[in-house]
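Structure first, then comments.
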Amino acid sequence: MISRLTGKLVEKNPPQIVIDVNGVGYEADVSMQTFYNLPPVGESVQLFTQLIIREDAHLLFGFATAEERKTFRQLIKVGGIGAKTALGILSAMTADELARAVAEEDVKRLSSAPGIGKKTAERMVLELRGKLVAHTVTDGLFAASPAADETEDIVSTLLALGYNEREAKAAVKGVPKGTDVGEGVRLALKNLLK
């Protein structure tokens, strides 16, 4: 199993990245929370990873923190939630926010994540209750990288998460100007969940 990668970030195409580790390029899918906290291409990066082996593919998923990876592992154990859906959930909310939503049995909040309906949200509450613990969130392993046009990047991220253009643009209107992309995505997602 590949548990962690440390190397040079060589590609960033949401939600995929490529990390060069001693001449071998590892492609990994990452949550948008992790993606917008990555350093610029060409800089050193460390990711916690989860390798999923299927009959037709080997899929590598990357996470900024061990806690995010642990949450991903719990999510994919829930019936009806696959790896891509779990990554979408972790893009829509942090591991802490997810843990709080499960603890508070906030089905509405959970079902607002892309690909999650009311029944799946109820199943998440049932199967994850007591398994996720909210922690104080730190800034993670990376410094945020400023984007040239934050609003456009935030809208693009929301579109990648499955929201339509109208919803994405409406959510971005509530984000203060000058907000970095990672924080902007979090604020826009909160606007969508209201």
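Easy rule for this one: first residue shown is 1, then count along the chain.
From the backbone N, Cα and C atoms, a Cβ is placed for every residue, glycine too.
Annotation source Swiss-Prot lists region 'Domain I' at 1-64. The region 'Domain II' annotation in Swiss-Prot covers 65-143, and the record cites sequence analysis as its basis. Annotation comment: Swiss-Prot describes 144-147 as region 'Flexible linker', evidence class sequence analysis. Here Swiss-Prot flags 147-194 as region 'Domain III'.
Mean pLDDT of the predicted structure over the region 'Domain I' (1-64): 94. The DSSP breakdown of the region 'Domain III' (147-194), given as helix, strand and coil counts, is 32 helix, 0 strand, 16 coil. Per-class residue totals from DSSP over the region 'Domain II' (65-143), listed helix then strand then coil: 45 helix, 0 strand, 34 coil.
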